[in-house]
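**Q** TrEMBL feature annotations, pasted as is:
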type     : residues : note
DOMAIN   : 278-376  : domain 'PH'
REGION   : 398-425  : region 'Disordered'
REGION   : 457-493  : region 'Disordered'
COMPBIAS : 461-477  : compositional bias 'Polar residues'
DOMAIN   : 501-634  : domain 'PID'
COMPBIAS : 629-664  : compositional bias 'Basic and acidic residues'
REGION   : 629-708  : region 'Disordered'
COMPBIAS : 698-708  : compositional bias 'Basic and acidic residues'
Amino acid sequence: MPGIEKLPIEETLEDSPQTRSLLGVFEEDTAAMSNYCSQLYQAMQRIYDAQNELSAATHLTSRLLKEYDKQRFPLGGDDEVMSSTLQQFAKVIDELSSCHAVLSTQLADAMMFPITQFKERDLKEILTLKEVFQISSDDHDVAMNRFSRLSKKRDNDKLRAEAVEDVYTSRKKQHQTMMHYFCSLNTLQYKKKTALLEPLLGYMQAQISFFKLGSENLTQQWEDFLGTIGTSVQNVRREMETEVGQMHETILEMERSCDPLYVPCDPDPAHSPVCRNLTRKQGYLHIRNKTGLVSSSWERQYFFTQGGNLMQQGRGEVAGGLVTDLDNCSVMAVDCDDRRFCFQVTSFDGKKVVTLQSESRRDCDEWISTINNISKRIYLSENAEELAARVNQSALEAVTPSPSFQQRHESMRPSSKGRAGRASSISSVGSELSPALSVLSLDALVAPETPIQFDIISPVTEENSGQSKTAAQSGRRSNPFGESGDSTSEDSEDSILHQLFIVRFLGSMEVKTPESVDIISETMRQILAARAIHNIFRMTESHLLVTCDCLKLIDPQTQVTRLRFPLCTVLQCSSHQDNKRLFGLVLQPASEPGDSRAVCYIFESNNDGEKICDSVGLAKQIAFHSEMDRKAVEKRKETDKAKEKQQEELSKQKQIEKDLEEQSRLIAASSRPGNPPAADEQFLVLSNSQSEDSDAGEEGKKKGESEA
């Protein structure tokens with residue numbers, strides 16, 4: 001027998017969405033088993049009814065055969081042979097009728113009784129427990145909502161005591177009902193095996209006893225097989241009894257140990273102190289949702305941390321959804337007018353603020369400590385709990401001050417004075433270097449002392465500055481965005497690819513190794529760190545147009561092209577590994593030979609940045625294939641011109657041969673004796689060299705006369 005799936009009774013008190021999802025699987029299995037059992041019951045009922053009908057029909061046949069002697073047929077007469085023969089048949093059929101009656105009794109006891117008990121008792125008990133559990137779960141939710149709505153300003157001891165008592169009673173009822181419900185579902189996994197095997201075992205044993213008069217060898221084989229099945233059924237039954245006993249012991253132990261946890265108040269700090277070294281936590285919280293300008297509502301959801309993210313999951317949902325990014329966030333306890341035990345999580349850029357409410361002060365402190373540890377990226381280290389203990393050993397208040405840029409990199413700053421200036425312009429925003437970047441130094445990726453451009457310079461400003469620089473010095477004007485001021489090439493209007501995306505420019509900086517796979521992620525890290533340090537939250541929104549020729553950044557208001565990147569200069573395009581809305585472009589501007597530096601641009605899109613990267617890759621492929629097609633067309637044209645030239649040469653050669661033939665004919669005609677040429681008659685014959693020219697000169701005429 002394969003392993004038996006079981007519901008964890010120990011997790012009934014937590015009542016997490018994972019446990020509810022697993023419970024839903026067991027409930028679906030129970031419903032499927034109930035449906036299948038009903039169909040099997042109907043089939044076995046038909047067998048039983050047919051056997052009863054067969055037994056009754058056989059008995060009727062035997063009785064009719066016995067009454068043959070009492071019949072008075074007008075033409076039959078007394079036939080002793082026929083009568084004795086029918087009596088023998090009646091005796092045999094009477095014995096068969098008895099066997100069929102015994103078979104009907106055995107089917108009723110061994111086949112119909114077990115499956116009827118399983119259908120009418122066990123499955124109905126599961127349905128009853130399901131309804132009771134649903135009612136207790138709803139009562140617990142109502143009690144929790146009432147307890148959570150207790151006002152902090154209007155604190156009433158009587159109302160609070162009633163709410164606490166209501167939560168205690170409903171939670172205890174739900175927990176006990178849920179444990180017994182789980183126990184019944186686990187027991188059903190054993191019972192469904194015996195409930196299906198026992199009726200079949202009884203049916204086959206009844207049939208074997210009925211066909212005992214048949215072949216002994218076949219009977220022996222069936223008996224061995226049924227003996228094996230019977231042994232297996234007995235083993236399953238013994239295992240079920242043992243497991244049921246263990247589950248009942250677990251339920252009793254859980255009822256004794258979980259009794260203090262039913263009360264939604266802070267436990268004794270001496271027995272359960274606040275743990276401030278956690279890097280993962282889950283549980284139910286209330287989240288504030290804005291319903292208007294000044295109004296808001298609270299919703300109870302299941303929250304859990306996953307990596308550096310805070311996730312929430314509803315009770316009926318299969319997977320969780322992202323609430324906010326916890327990397328470099330700030331968290332602190334706040335005072336709400338209508339709720340207690342509240343804390344607030346603010347994202348690293350200050351744009352998103354999430355207000356949450358926990359069940360108790362201890363739970364609130366643990367959530368704040370956990371989010372604080374995650375914001376410092378302690379969870380990425382090998383010994384996360386030890387590192388968190390060292391960091392939080394002097395923390396008395398659960399707040400998260402944002403560490404400054406200089407403090408983050410004071411320990412990472414090298415002793416060399418040449419890097420001192422650059423070390424002050426790089427921030428990790430609390431993140432650690434990837435394994436590839438830990439081997440490769442930052443100077444190998446990003447140019448030292450490189451300024452970061454946080455905004456897009458308008459084309460008019462660039463043009464004026466370029467003209468002033470050109471007047472002041474004869475050198476070529478350089479654009480920090482990698483464009484030359486004299487770009488006059490227009491985009492082709494017949495481009496087969498035109499895709500428009502809404503993006504926001506975060507910044508750009510010069511890089512040294514544009515071929516590195518980590519250059520975009522490192523540039524993102526430094527630009528985001530610099531924006532957070534200098535409190536730069538403003539971003540320029542633009543429309544990114546992707547064509548087969550270039551990339552354009554267009555002002556959405558004036559439709560003026562802010563930046564234009566030829567497609568051939570785009571070296572890389574990739575999105576952030578975790579935040580898919582961030583993506584970057586690495587462009588190689590026209591520079592001196594041997595210069596490996598390039599410019600990396602970082603953007604934020606409204607949707608998935610991978611789609612923009614795929615669009616850029618598609619544009620490059622289309623441009624590559626278009627260039628290949630253009631070269632093929634040019635090569636075909638050159639071949640056609642060569643063929644035309646060859647045809648012209650052949651036609652000229654044929655014309656020359658024709659002229660020579662005409663000249664020979666004239667010479668032959670002039671040499672006939674009947675027509676002597678006159679003295680003053682001259683024959684003008686074109687030579688080979690003069691046949692190509694339509695206007696023959698005097699030299700050609702003289703030569704023709706001499707040849708004539």
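Each Cβ is built from the backbone N, Cα and C atoms, and glycine gets one as well.
Where the annotation comes from TrEMBL, it is an automatic prediction and has not been curated.
Remember, it's a predicted structure, so these values are computed and weren't measured experimentally.
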**Q** According to DSSP, how is the compositional bias 'Basic and acidic residues' (629-664) divided among helix, strand and coil residues?
**A** 36 helix, 0 strand, 0 coil
**Q** Per-residue pLDDT averaged over the domain 'PID' (501-634) comes to what?
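**A** A mean pLDDT of 79 is what the predicted model shows over the domain 'PID' (501-634).
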**Q** Across the domain 'PH' (278-376), what are the DSSP residue counts per state (helix, strand, coil)?
**A** 15 helix, 45 strand, 39 coil
